[in-house]
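Below is one structure; the comments refer to it alone.
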Amino acid sequence: MATIPLVERELSAKELSVRPVVWTIAGSDSGGGAGIQADLLTLHDLGCHGCSVITALTAQNSVAVTAVEPVSAAMLNAQLEALKADLYPSAVKIGLIGNQQQLEFLADWLGDNLPGVPVILDPVMVASCGDGLQSREEAPETDDVKGKPCLDFSPFVGKISLITPNKAELARLTGELLADDDALVIAADRLWQRFGGSVLAKGGDCPWQQPRAKDLLLLGDIPTISPLHRRQGFWLSGERVATAHNHGSGCTLSSAIAAFVARGLVLPDAVLLAKAYVFEGLRQASAVGKGPGPLARTGIPESLTAMASIYPLHESRSHRLPTKGFTRLGRNLGVYPVVADIDMLEALLEAGAKTIQLRIKGEIGPGSPAEADIIRAIELGRQYQARVFINDHWRLAISYGAFGVHLGQEDVDTVPLDAIAEAGMALGLSSHGLFEALLALELHPSYLALGHIFPTTTKEMPSKPQGLETLALLTKIVSTAVPTVAIGGIEAGNLPKVAATGVDNIAVVRAVTEASDPAAAFRALADAWENRNAR
Ligand SMILES: Cc1ncc(COP(=O)(O)OP(=O)(O)O)c(N)n1
Ligand SMILES: Cc1nc(C(=O)O)sc1CCOP(=O)(O)O
Ligand SMILES: [Mg+2]
């Protein structure tokens, strides 16, 4: 075989920034609905440059797979080396693997050549039409889905970020017979313990899940998400789409996850967006041949109705939902300063702040100066007819009749939200990314904070800055349901760009507290925000 010359040149920032490169290592579907073809369509649709490493040719149409032929080891290697030399990936999706030899080679090659690159493994074994997809020696036709796995995936242990089996694949991978959610949880957990990384056990082919289908997401030890959600399990529950046109849905899901990861989203956010993408793709799918048609390509999902509902594996949602709602707020809260000092709080109210937060960290003892500050802040709120939120200290806020409380995600499981709602108060909740935003929305807060947008020195953050593009997307998704507040690194210089995302409000700490004249800094920000659409 001719060798392809290695390209060795520095890429310009512009070249690198255009579309993140994602590889799909998978089989070709001659029918164009699944495999490499579905992946490349998905990757392009989601703003990535898709590269393909073909593991096997399949002869198939929308009703049957008639032949499968794995490529040679040399050809597989040549494709990988050619791409590595010029088109290094930001993420990799693996789909159909032609045989055990390929699998072992791939696991070694990826470990040696792409350290640190996120790998999404869709352990494809059965096509949606029911035909086996490995070559005949690997998967005899008599194989039952709960029988022996046709491939041994153990060489991938410790090397993948996420594995996405459907029920049939999970049954084969674990040797478990799956007939209800309890069995699904046990099998997914077993896979999770064995593979490391994260597991998405898909429920679309679980007949007992009606009327909604639930995927089980078991998150690995992901350093860029809140410690609260690391190594935790969540159900992602979504409406079933009544369509026969679902060819390539698993391929589309896994390549969409890879696309969103390559675009810089953390894994749980990428999974949610990819699920919404598949949901929209199914809703708009139509026939091409005589059998199930392919999914439609509908771009980055922006609608809340396409998003799954999330609830923790070990907790019922009803347990967390207050029976009475929190105070409803209008969209416009004004520029929202967050301060620790009571005199500054008063000065900012005097300067016209209509929403403000007192954020005193740490324990507050009875009769302490900090308690006196909270009492005073609540009184000042009444005096100035402003919305004063108390951060963290919900008991004092309830006792002294505050307008509202601001809580973080870590507080939600321990604070009796019912008590806040029953006291007729407002609740602001923090979120860092789509996963946390959707979790928070389940509680119907009065506003939702979207943070942190830019790097901040005010607080140590486990998450990455969201940036303006993600802020715009999050705003589109959630703002039909709740007023939004952007926070983190916002100041006069970046205010116009933040405003352009469409977020309803901004909250600031240093832009006001570190100004030589905080009241004047607040007035300037408030003025710029009010006139944001006038330029
Ligand atoms: C408006 C607003 N948004 C986010 C936060 C952060 O709150 P939380 O996550 O509770 O973290 P701490 O502020 O307690 O460190 C906020 N305070 N205000
Ligand atoms: C208190 C706080 N919470 C954040 C979050 O993302 O939840 S960011 C943040 C600090 C914001 O400070 P500054 O305006 O000085 O960057
Ligand atoms: Mg807090």
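Going from the start of the chain as shown, residues are counted 1 onward.
Using the three backbone atoms N, Cα and C, a Cβ is placed for every residue, glycine included.
If you check TrEMBL, you get these features:
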type: BINDING; residues: Gln357, Leu358, Arg359, Ile360, Lys361, Asn391, Ser430, Lys459; note: 4-amino-2-methyl-5-(diphosphooxymethyl)pyrimidine binding site
type: BINDING; residues: Asp392, Asp411; note: Mg(2+) binding site
type: DOMAIN; residues: 29-295; note: domain 'Pyridoxamine kinase/Phosphomethylpyrimidine kinase'
type: DOMAIN; residues: 342-512; note: domain 'Thiamine phosphate synthase/TenI'
Specify the count of other C-beta atoms within 10 Å of the C-beta of Ser430 (4-amino-2-methyl-5-(diphosphooxymethyl)pyrimidine binding site). 24
Using DSSP and three states only, what is Asp411 (Mg(2+) binding site)? helix
If you count the other Cβ atoms within 10 Å of each Cβ, which of the binding-site residues Arg359, Lys361 comes out on top? Arg359
Under 6 Å from ligand 1 by Cβ, which binding-site residues from Leu358, Arg359, Ile360, Asn391, Asp392, Ser430? Arg359, Asn391, Asp392, Ser430
Using all protein chains shown, find which of the binding-site residues Leu358, Ile360 scores highest when you count other CB atoms within 10 A of its CB. Leu358
Cα distance (Å, whole number) from Asp392 (Mg(2+) binding site) to Gln357 (4-amino-2-methyl-5-(diphosphooxymethyl)pyrimidine binding site): 11
Measuring Cα to Cα, how many angstrom lie between Leu358 (4-amino-2-methyl-5-(diphosphooxymethyl)pyrimidine binding site) and Asp411 (Mg(2+) binding site)? 17
Binding-site residues compared (Asp392, Asp411) - highest count of Cβ atoms within 10 Å: Asp392
What remains of the binding-site residues Lys361, Asp392, Ser430, Lys459 after requiring a CB under 6 angstroms from ligand 3 is Asp392
CB contacts under 8 angstroms to Lys459 (4-amino-2-methyl-5-(diphosphooxymethyl)pyrimidine binding site), restricted to the same chain and 6+ apart in sequence, sorted by sequence, are His452
Just to be sure I understand the contacts, which binding-site residues have a Cβ under 6 angstroms from any atom of ligand 2? Candidates are Gln357, Lys361, Asn391, Asp411. none
Rounded Cα-Cα span from Lys361 (4-amino-2-methyl-5-(diphosphooxymethyl)pyrimidine binding site) to Asp392 (Mg(2+) binding site), Å: 8
